[in-house]
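K.L.:
The active site annotation in TrEMBL covers R170, E305. Taken from TrEMBL, the feature active site, proton donor covers S224. For 25-195, the entry in TrEMBL reads domain 'FAD-binding PCMH-type'.
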Amino acid sequence: MIEKKFNLCGIDITPALPLSEICSMGVGGNSLYLSRVKTLDQLMKAVEICESSDLEYKVIGGGTNIIASDSGFSGVIIKNETSQITIDSARGRVIADSGVFLSNLIVQCASQGLGGLDPLYGIPGTVGGALINNAGSHGVAISDFARSFTLMDKEGPKTYKVEYLEPSYRKTKLKFVKKKPREVVLSVIFQFNSRKQEEVMSDLKKYKTIRQERQPLGIKTSGSIFSNPSGTDKATDDKSKNLSAGFLLESSGAKRLSVGGARVSKKHANWIENFNHATASDVRKLIDLMRESVNEKYNIILKEEVEYIGDWDLSSDE
């Protein structure tokens, strides 16, 4: 029945697709269905079908920043592959669909002599996910340049100023919302700075080099596991507030930790690598060990940046 509803609307839907194939960590059991949407109209219709059918659903972008359960997800994973970008270079105004990859947006803006989010270049994931998580790096967050966004709720699309999200360090009020119907980000309007194209491109090369030097590439990961306890990634004069999650983990010996096919990266202690067919259970157990190692040494409890999705039985090993 659900497949027929999607097909009648011309929307792709596939049964029983492994989440390990669409999430960057490479773990997770089957979703009941996977739907790939290419336009905002398809995205809204897919959500409407799930809501009217009382079927659980989750909208994802690039599949980063997510740990999917070994038991899978008993609903529809809606993979947002919308890709429209509209650039008004004269005004510095840019409109991007929520499914646009963040780095793609940054490069296209740079080619038009627009900058601002340059430090975020190389962060995996999409514009929608980045906005919900208030992604950032080197003291710059996406909410610094987002001016407004369009949100789908039970009454249809509405446009809000970015302040509606109450953005703070690595989160907004939409990050952990469980209520139904859920609010889904459709598009974002940015205001960027006019700069010389060659200067912006030079900065992008610099930030790309930094990421290549400091972060594991070419292996299955989900990005940073924990947020910085200081609530910032910007250095301050108060040295006590400059402790990053990576520093705390490394100095507590977390790089020695591994569980099953998952290990803490030797390149960055706040990253987990799926190096040998890890399970979601391996990853979650390793996250707990990492948190414990910091708590034992510093009496600081780190909080995850990653989101757990799917059917988790926390009373068992998973």
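The first residue you see is number 1, and the count goes up from there.
Glycine residues also receive a Cβ, built from the backbone N, Cα and C atoms like all the rest.
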K.L.:
Restricting to the chain of E305 (active site) and a gap of 6 or more, list residues whose Cβ falls under 8 Å of its Cβ, or answer none.
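P.N.:
Sequence-distant Cβ neighbours: N65, N133, R170, G223, S224, I225, F226, S227.
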K.L.:
Can you tell which of the active-site residues (R170, S224) has the fewest other C-beta atoms within 10 angstroms of its C-beta?
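P.N.:
Lowest Cβ count within 10 Å among the active-site residues (R170, S224) is R170.
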